[in-house]
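The structure appears below as structure tokens.
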């Protein structure tokens with residue numbers, strides 16, 4: 001029988017540096033308003049009553065996290081992350097070994113809306129596999145010729161989606177799929193790809209396209225705009 005309305009834990013891999021931001025500070029510690037990007041991302045998870053614990057995987061040499069109010073939050077657990085995202089997620093899963101369902105959310109994705117999170121969490125009512133937030137591709141997509149800055153052909157976009165986070169899976173299933181994929185040398189770009197590698201087909205839950213990941217310098221201003229707009233809407 002599928003689980004229903006269970007408390008869930010979340011894992012936030014935050015051990016990366018994000019060199020495309022062209023800053024000396026890891027992007028998750030850049031500020032938007034009076035909070036870091038990491039704080040915005042984590043608080044969006046904790047705002048939902050079903051999310052009872054968040055495990056944050058940080059770099060072993062990270063000295064910034066201890067300076068944040070999150071470091072003393074009663075619902076936050078910190079673990080050492082690994083060299084790759086999948087290693088950090090596995091470390092987080094080890095810390096919530098008794099959890100049945102787990103969210104995984106990008107540390108640098110601060111604009112998560114509560115209605116999107118709520119719809120994603122309903123998956124646990126009737127699924128044994130889980131699913132992800134995703135946004136349908138709207139732009140025309142081109143595949144490039146290998147090694148050249150030239151178009152090979154246009155890619156049909158009808159069934160293409162941008163993968164977002166959070167991604168939501170049974171904890172044991174995600175752990176087993178990540179472990180197998182890593183052991184077999186598979187390329188894992190997100191948690192869903194580990195399940196795909198093992199033959200599962202997670203659900204696509206349409207989410208808002210403004211749930212962006214801060215990756216490049218120009219994303220910071222865009223995320224600030226989205227967050228400010230959301231705050232104003234909530235106060236209205």
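Keep in mind that glycine also has a Cβ here, set from the backbone N, Cα and C atoms.
According to Swiss-Prot, the protein carries these features:
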type : residues : note
SITE : 20       : site 'Transition state stabilizer'
SITE : 27       : site 'Transition state stabilizer'
SITE : 157      : site 'Positions MEP for the nucleophilic attack'
SITE : 213      : site 'Positions MEP for the nucleophilic attack'
Cα separation, residue 213 (site 'Positions MEP for the nucleophilic attack') to residue 157 (site 'Positions MEP for the nucleophilic attack') (Å, whole number): 21
Most crowded position, judged by CB atoms within 10 A, among 27, 157, 213 as recorded sites: 27
Rounded Cα separation (Å) that holds between residue 27 (site 'Transition state stabilizer') and residue 213 (site 'Positions MEP for the nucleophilic attack'): 10
Residue 27 (site 'Transition state stabilizer') - helix vs strand vs coil (DSSP): helix
